[in-house]
Amino acid sequence: MTDTPENQTPNDLPAGHSRSIRSFVLRQSHMTAAQQRAIDTLWDSFGIDYQATPADLDARFGSSRPKILEIGFGMGMASAEIARRLPETDFLAIDVHGPGVGNLLKLINENHLENIRVMRHDAVEVVENMLQDGSLDGIHIFFPDPWHKKRHHKRRLIQAPFIAKLLPKLKTGGYIHLATDWEEYAQQMLEVLSSFDNLQNTAADYAPTPDYRPETKFEARGKRLGHGVWDLVFKRIG
């Protein structure tokens, strides 16, 4: 692989492809009283409101520790556990779904975690407008919606245009860690990441699950049913 400019994209990147990318799909979900209370009482301490201008993450966290972006955290259990396991790393966790946001805030409070900040916004807009180039040491995207039906594959988050937006935000030596339990999506992820000359796979293909990523209940249930899980860890080399 060779070093390339930060805005390097694969040859097949669609021209003008930008605003069609979305990091989420709206769905109906019930907010419990405890989740709403967490948002009401903890947001000022651990929440970050969206702004359309670059943010100083060190100032927002009050530290110069390494910064990891997590896109889509579900109910937040894995996010809280990773932050507990890596106390010398800061995590910016982004999701749009209220119950998950409330639950993660609740877990942050219960576990006395000081190294997570939460955003409730479209991660694509955060990446485009709020994150400074070279501000991230890593990016986690675990179990994004696989959109099983072929006609819906265009809705998948892990596609070349989105990775092209993420790459400039990573420091050289920073990493992207993806995980999925859908084999065909894992193959697509591998193809997409491998198409960037300034990303280097840390494994021959799929990586062993890093120690910091806990097994989720959903993941454990899938394994009992014979389903696989695939992790991919690529490092930025230029």
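Glycine too: its Cβ is placed from the backbone N, Cα and C atoms.
Of all the Cβ atoms in the protein chains shown, 17 others lie within 10 Å of the Cβ of D145 (active site). Among the features that Swiss-Prot reports, active site is placed at D145.
Residues annotated as S-adenosyl-L-methionine binding site in Swiss-Prot, with sequence analysis given as evidence: E70, D95, D122, D145.
Counting only residues at least six positions away in the same chain, the Cβ atoms of M77 sit under 8 Å from the Cβ of K217 (substrate binding site). Residues or ranges marked as substrate binding site by Swiss-Prot on the basis of sequence analysis: K149, D181, T216, K217, F218, E219.
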Largest tally of Cβ atoms lying within 10 Å of a Cβ, found at which of the binding-site residues D95, D181: D95
Position of peak Cβ density within 10 Å, selected from the binding-site residues E70, D122, E219: E70
Under 8 Å by Cβ from F218 (substrate binding site), counting only residues of that chain that are 6 or more apart: F143, D181
